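Trainee: Submitted below is the structure of interest, expressed as structure tokens.
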Amino acid sequence: MRPRLWLLLAAQLTVLHGNSVLQQTPAYIKVQTNKMVMLSCEAKISLSNMCIYWLRQRQAPSSDSHHEFLTLWDSAKGTIHGEEVEQEKIAVFRDASRFILNLTSVKPEDSGIYFCMIVGSPELTFGKGTQLSVVDFLPTTAQPTKKSTLKKRVCRLPRPETQKGPLCSPVTLGLLVAGVLVLLVSLGVAMHLCCRRRRARLRFMKQFYK
């Protein structure tokens, strides 16, 4: 029986959505057109004959929504794709307990909710789903505004002003000149007295030797 027909029959059975047995990551992803996407589904139970289905729901979950079969990974038969699936754009592989759905060159029409599923007896167990949004342009993130740093003011000591004009006042100059004159007069008086004393001594010596 074809997987698509089998799924239509299995959909009439009890369905368990969002079970913790299958953990899907990420919960939401937005990518740009023609990029690659990897969706992960980790099984928390050990099955002897592991078989993981990947389904897509193009519209929001409702009573009228249906699941589109994409591909399955069977431990015995390998990978089986759906009838209307572009096989060159989709691949599924196993990494330990994780099952990876790899989508390449995605388009906006590939947007939807992707579910992984395992078949029990009689119920179907779904993961919580990964919502994929494919857009032509990703929103640009605003650059964080830089905080304006206040510059610290450096307190500078005032420079001593250079004094223009004469360094000394007229009074000071007058005192200096008067001091110089007094010194000159004193020196002259001292020299005069010294000369007189010398002459007096010479006279005394002459009178003594006569």
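Glycine residues also receive a Cβ, built from the backbone N, Cα and C atoms like all the rest.
As annotated by Swiss-Prot, disulfide bond applies to Cys41-Cys116. If you look up Swiss-Prot, you'll see 19-132 marked as domain 'Ig-like V-type'. Positions annotated as N-linked glycosylation site by Swiss-Prot: Asn102. Sequence annotations record features per position, and here Swiss-Prot assigns signal peptide to 1-18. If you look up Swiss-Prot, you'll see 19-170 marked as topological domain 'Extracellular'. Taken from Swiss-Prot, the feature topological domain 'Cytoplasmic' covers 192-210, and the record attributes it to sequence analysis. Taken from Swiss-Prot, the feature transmembrane segment covers 171-191.
Are these features on the surface or tucked inside, and what are their neighbours?
Mentor: DSSP gives Cys41 (disulfide bond) a strand state.
Restricting the average to the domain 'Ig-like V-type' (19-132) gives a pLDDT of 88.
Taking the Cβ of Asn102 (N-linked glycosylation site) as centre and 10 Å as the limit, one finds 13 other Cβ atoms among all the protein chains shown. In the three-state DSSP classification, Asn102 (N-linked glycosylation site) falls within a strand.
Beyond the transmembrane segment (171-191), no same-chain residue lying 6 or more positions past its ends has a Cβ under 8 Å from any Cβ of the stretch.
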Trainee: Roughly how many angstrom lie between the C-alpha atoms of Asn102 (N-linked glycosylation site) and Cys41 (disulfide bond)?
Mentor: 12
Trainee: Enumerate same-chain residues with a sequence separation of six or more from Cys41 (disulfide bond) and a Cβ-Cβ distance below 8 A; give 'none' if the list is empty.
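Mentor: Listed in sequence order, they are Leu22, Gln23, Gln24, Ile52, Trp54, Arg98, Phe99, Ile100, Leu101, Cys116, Gly127.
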Trainee: What's the number of neighbouring CB atoms sitting within 10 A of the CB on Cys116 (disulfide bond)?
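Mentor: Step by step: centre on the Cβ of Cys116 (disulfide bond), count other Cβ atoms within 10 Å, giving 27.
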